[in-house]
């Protein structure tokens, strides 16, 4: 049973890194998710075709069955994940069920079962069914990288969003007191003025509500200039974190490549491990080839430099042992002199 569970975990979580079966299942699930999102979009179009609605319902039932089996299989095999293991298997599975991706897997099948037990608003069900698009994040290294950056930079992004919220409140309050008397319908309250503040700070400028007083125009100009840098803070934090995460992944792959080429040969096992690491980190084949090429060149340069240093030391030692006058090796002269002395003593 444990071997089956390990195989299930490897197929669902490792996928194409394992074998063709894992790759085929991943492709099937990605295609099914994409078709589900397409069906939700097409269902919103007005149509009186009964056969079409029947086909959509049958496809929905088929999709829910597949997604339910996938969800149960992931929960069952989750204890094979070293990062999830936590005491008793039940608690490990509960811990997995509370992870973001597992919650998304649950939410995409929940509307179907809710509709069987109670009357559910069709619009609410469609919104929840659209969450199936987030299942694609599991199969996209770029999306997983983005989620990783969001978790890492959560505090910085939260601080930037708090600053933006404070600026929105300040801007809407100031423009309300400046424009309320002149435009009581457009700026009838501070919450109503927040629409103008958001549109102005994000430089959209729809033009449906504009200040007409001199004080309002001055405040609008100041707010527009102040918001240019503050509103862009979250995007800058995300871009910086994204670049840093990409560099970290490249460094991780470079370390693994360096370890593989230390003996001068990359065998089949090491190559398979490198390919698996490349797919896990989301590094393209071209980048991986460049990293391998650069690592091999650096390794050859280090070996060449080490050999040159060794040769240089040998040459220096030989040069230092030569007589400055006759340029004969000093040690050879000493051995020759001692041999001559021993011969003279024997003749006597």
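Just so it is clear, glycine is given a Cβ too, placed from its N, Cα and C backbone atoms.
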Range annotated as transmembrane segment - as stated in TrEMBL, picked from 121-143, 190-212: 190-212
In the same chain, who gets a Cβ under 8 Å from the transmembrane segment (94-114) while lying at least 6 residues past its ends? 60-61, 64, 67-68, 70-71, 74-75, 78-79, 81, 84, 86, 120, 124-125, 128-129, 131-132, 134-135, 137-138, 147
Stretch contact, the transmembrane segment (55-73) with the transmembrane segment (21-43), Cβ-Cβ under 8 Å, 3+ pairs: yes
State the mean pLDDT for the domain 'Ion transport' (25-248). 85
